[in-house]
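Can you read through this structure? Questions will come right after.
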């Protein structure tokens, strides 16, 4: 086996001591793969186990293979402890599901909870499948998209990956149609584009995948509100409710304003009318009033 590490020891010595470490004493660490978990044959991959708990040792275990449990001294930097397990030349017998654990020096029999599982897959072993998009690689926003992965090879499972995402989607291959086996991955209404690839695998070797399909760029154009009418945005035949809301709102504001304006105009006109009537009184009345006023003035002078 070509699994190499800076320093390692089989944790089997615990069995020789007649004791198996207790798990779950500390929080689980994290397990990452650099540059990624899909590895071509003969390439190098680094499995990094790290934690904010200051573990003195890290153990790496592959499911189903007890003898593949490896141990490394942890490195401490900036409040983080970590260990890098290096697979220098990827081979089929090194693919599988890995987990890591942490332990401290004063309690070597007590391990942390296991990290989340990490599947290391070797790719490029079989013929590449084809990847296509329905209705096409360029779609309107909100339009339903389905990606079809197909091949003449009788793959049992297809795997769809998207650049920038850590996990793949998988579907079993359907029945043979026109000489090909395929799986259809519905993506639902399109919102964002992306670059996709797909792989094929067989049931008896789930960690050994085919070559990657050619990359497929899915582009999304347009605005969902413009491209796809919604209950709040029907077609022009039924009118636009947003415009209707604006009109209704404007009308509600205008009605009381109009009533108030009418009331003010009516009052102003009434005042003007009364003023005009006063101006048109007979001259006799005005004379009498004047004489009465003079008469009163004379009386006041007499009394003086």
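From the backbone N, Cα and C atoms, a Cβ is placed for every residue, glycine too.
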Pick from 208-226, 227-245, 246-264: which range has transmembrane segment per Swiss-Prot?
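Transmembrane segment, as annotated by Swiss-Prot, spans 246-264.
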Residue 178 (N-linked glycosylation site) has how many other Cβ neighbours within 10 Å of its own Cβ?
7
Quick check: in three-state DSSP terms, what is residue 144 (N-linked glycosylation site)?
strand
From the Cα of residue 100 (disulfide bond) across to the Cα of residue 144 (N-linked glycosylation site), what is the distance in angstrom?
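Checking the Cα atoms of residue 144 (N-linked glycosylation site) and residue 100 (disulfide bond) gives a distance of 40 Å.
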Among the disulfide-bonded residues 100, 198, which residue has its Cβ surrounded by the fewest other Cβ atoms within 10 Å?
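Among the disulfide-bonded residues 100, 198, the sparsest Cβ neighbourhood within 10 Å belongs to 100.
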Pop the Cα-Cα gap between residue 178 (N-linked glycosylation site) and residue 149 (disulfide bond) into the table, whole Å please.
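Here the two Cα atoms are 14 Å apart.
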Tell me, by DSSP, whether residue 84 (N-linked glycosylation site) is helix, strand or coil?
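Assignment for residue 84 (N-linked glycosylation site) reads strand.
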How does the domain 'Ig-like C2-type 1' (42-107) divide up by DSSP, counting helix, then strand, then coil residues?
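Per-class counts: 3 helix, 43 strand, 20 coil.
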